[in-house]
Amino acid sequence: MAKATQTQKPFVFGLDIGYSNVKMAYGYAGDEPETLVRPAQAAPLRMVKGDETPQAGEYLVYVNDEPWLAFLAPDRINAKRELHADYPASDAYKALFLASLAAACKNGQDVDVLVTGLPVSQAADKLKVDALKERLIGDHQIAPKTTVSVKAVSVVPQPAGTLYDIYSTHEDAELFNESNVLVLDPGFFSVDWVLYQSGSMNKESSGTTLEAMSTMVQTINSEIQVDFGGEGPGVAKVENILQTGKDYFVARGSRVQIAPYILRAQEKIAPLALKSMQQSLRFLDGEGISFILVGGGGSGFYKDAAMDLYPNAKVITSDNPVISNACGFFFKGAA
């Protein structure tokens, strides 16, 4: 009986395919979603470093009839990372999407509602939104004997996921509809922001800057080079340290705490990233920002800079900022 009741609910998939991680929140509407975070790396089997056998957490999928491995660690891939605005049209994105479907629908479900996001600048482009919807909807063959159907797709501005997530869980949520609310979403490729005024998005004061986590990672490595010389740990290793939550890197045979180098990079990059955002919000004058909602994998790096710009605003960080967009997408799809 329980199974029959469960299957009457729509199966909802909130999917955030980023440049560093793939974040997923999925389940039946009205239930707490399952969540999963995996590395956003994929490559044809022939371009994988080392053993071509899928390692723990890696998924084998087929893109254009060619075998790919998805959810690879950055140092498992012999291909250049996709860091460009057409990322959703790439084969790597397709491989990550198929692997995400395999993970979310592991018990044989089809997806009734899929919600995902695009950077603010792209979400305003109807052609890009329609192209992504067309790519994601329909029947998807993941492997010769596995096909998953996606019945409906919604594409929203990326930071909206953080708004939906915090709105669904925070005690102050009812005040958002009466206030100026700035939603900040620092990702790997871009920092996106959206301004909501009395519950409505102000498209003219929302935007994207490319001073994001990819630049932060490069700067952390550069700061390490300043002290230790040489090439530093390398961008891939620094990214892996941040992804796995390690607090050190190895230099000259010893463990070195990475926190001071993160702070040095943060002080350089975060203010630059938020400068164009501040300029786009100058029209507010005395109105001010009441709330700043922060999500995304880079939230810890940009939160302090946002607080410096708007000291009178109440800053609310998602309970789990890495998956805040995916959870918000799920809540939107389940509403």
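All positions are counted from 1 along the displayed chain.
Glycine too: its Cβ is placed from the backbone N, Cα and C atoms.
According to TrEMBL, the features are:
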DOMAIN    14-161  domain 'Actin-like protein N-terminal'
DOMAIN    183-298  domain 'Actin homologue MreB-like C-terminal'
- Report the mean pLDDT of the predicted model across the domain 'Actin-like protein N-terminal' (14-161), rounded to a whole number. 93
- Query: If you run through the domain 'Actin-like protein N-terminal' (14-161) with DSSP, how many residues end up as helix, strand and coil?
  - Reply: 40 helix, 56 strand, 52 coil
- Give the residue counts of the domain 'Actin homologue MreB-like C-terminal' (183-298) per reduced DSSP state, in the order helix, strand, coil. 51 helix, 33 strand, 32 coil
